[in-house]
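Chemist: Dumping the structure here so I can ask a few things about it.
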Amino acid sequence: MQISAYLCALIACCGLTLSAPTANNKSSSEAPPLLLVSFDGFRADYLNKYSFPNLEKFFSDGVLVHELTNVFTTKTFPNHYSLVTGLYAESHGMLASIMYDPVAKKHFSIKNDSDPFWWDEATPIWVSVEESGYHAASAMWPGSDVNIQNHTLKYTFKYDSRVSFKERLGNITQWMTTDKSLKFASLYWEEPDFSGHTYGPDNTTEMARVLKEVDGHVGYLMEELDRMELWGKINVIITSDHGMAQCSEERIIRLDDCVSPSSYTLVDLTPVAAIIPLEDKTTVYNNLSSCHVHLKAYMKNDVPDRLHYKNNERIQPIILVADEGWTIVKNGRLPRLGDHGYDNTLPSMHPFLAAHGPAFRKGYKMSSFNSVDLYPLMCHLIGIPPKANNGSFAHVRCTLVNEQCGELALAVGLVMGVLIILTTFTCLFKLMKNRNVSSPRPFARLELDDDGDDEPLLE
């Protein structure tokens, strides 16, 4: 009886734990605003190699995710769109910095990016926010100034690299404080990507200089939010789209040395080249396959599934992927000392993530999660339903102060295991006890009573 009582108490406790609500059930009207900031090309391991006093202050009172596994190709436009849609590039259609759509016969480049045609295959979070009856804002996030699915942001302005970080942030904080229905804002900054391309990530002198500037922007961000009485009241996420790899003149792959220039059209260049064969596709593919030991060639349908880069009409018939640090050119020289776009399993391609605000744990660190997981997290923070996506809220819920996560699940599992063992032993104990006190005549229970009872087994 005593063991049974203990079991009942344990089961009751576990029942309460398991049935307790795990979601942040705040409606979007109650949820604080969310600010998403991207520092383009911020490689994850910069955090280990350089000093970031302001950024460290930011995540010491919040969350740090050491690495994000981003999407392939590890380029700016595909990854910024994945962050706000939760989709792989093949799903949202923003596949590269230069694209060609063979059905519409249209060309895309970063200098010609305002046609909604290229963006309408997905729904970015700012569209969902406005569909929910709230407002969103953006300071130069890729695609934020485009009319997507017949939605144009109320608060935005076109990309202009001459606009300072302070001015971009100033617009965001002004909009947030004057419009209480503004629930989401995004801000984009070009560095350290620009310097990484120009000098290469191995140039520690130049990278130390630009990363000090970036850390200064983080410091200003905290000061400005505090001045506007937003610090600690809104949720802030700082992240990036990709990392950066060092390139050199000694690591160049010249395609014209392998195939006739007249046999192919090059849509996107390096380090992932998109090829349209103008002659026999198999011949062109075979020549490219044997072109260089540091170059992998794939027919579109043979691109590895893990890259999620085959199921879209904008992906060209032949895809070339250079090894880390190698550069693909037609016949020219090295275009830049640093580059990205390589295989998304490479640590050099990974960005980081830091978060701060009332929804986030304090001093919490994670090793990694997928960049597409950020989208369902942001929808949860704002309190809006996510669109279909490739991410998982379960992967990121441990970052939140009100969420149960892996440690608790393990503890509950251990308790349940102990309960099963105790229950088994209790049942065996009772069976043995009943057997010891039972009648010596094994068939006595089957004897009928004198009153004609015909249900002897239903005692």
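In case you wondered, yes, glycine gets a Cβ from its N, Cα and C as well.
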Chemist: Going by the Zn(2+) 1 site in Swiss-Prot, where D40, D241, H242 are listed, which of the candidates T76, T204, T205, T282 is also part of it?
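Modeler: Within the candidate list, Swiss-Prot flags T76.
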Chemist: From N150, N436, pick the one Swiss-Prot annotates as N-linked glycosylation site?
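Modeler: Going through N150, N436 one by one, Swiss-Prot annotates N150 as N-linked glycosylation site.
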Chemist: Which one, H340, H350, H356, H380, is listed by Swiss-Prot in the same Zn(2+) 2 site as D193, H197?
Modeler: H340
Chemist: What is the disulfide partner of C258 among C247, C291, as given in Swiss-Prot?
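Modeler: Candidates were C247, C291; Swiss-Prot matches C258 with C291.
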Chemist: Among the binding-site residues listed here, H197, H242, H340, whose Cβ has the fewest other Cβ atoms inside 10 Å?
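Modeler: Least crowded of the binding-site residues H197, H242, H340, by Cβ count within 10 Å, is H197.
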Chemist: Neighbourhood of the Zn(2+) 2 site (D193, H197, H340): other residues with Cβ within 8 Å of the Cβ centroid, in order?
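Modeler: Other same-chain residues with Cβ inside the cutoff are D40, G41, T76, F194, G196, H242, M244, R336, G338, D339.
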Chemist: Compare the Cα of N112 (N-linked glycosylation site) against each of the binding-site residues D40, T76, H197, H340 and report the nearest.
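Modeler: Result: the closest of the binding-site residues to N112 (N-linked glycosylation site) is T76.
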Chemist: Between the recorded positions D40, T76, C258, N287, which lies closest to D193 (substrate binding site), Cα to Cα?
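Modeler: Among D40, T76, C258, N287, D40.
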Chemist: Do you know which of the recorded positions T76, N112, N150, N171, N287 has the most other C-beta atoms within 10 angstroms of its C-beta?
Modeler: T76
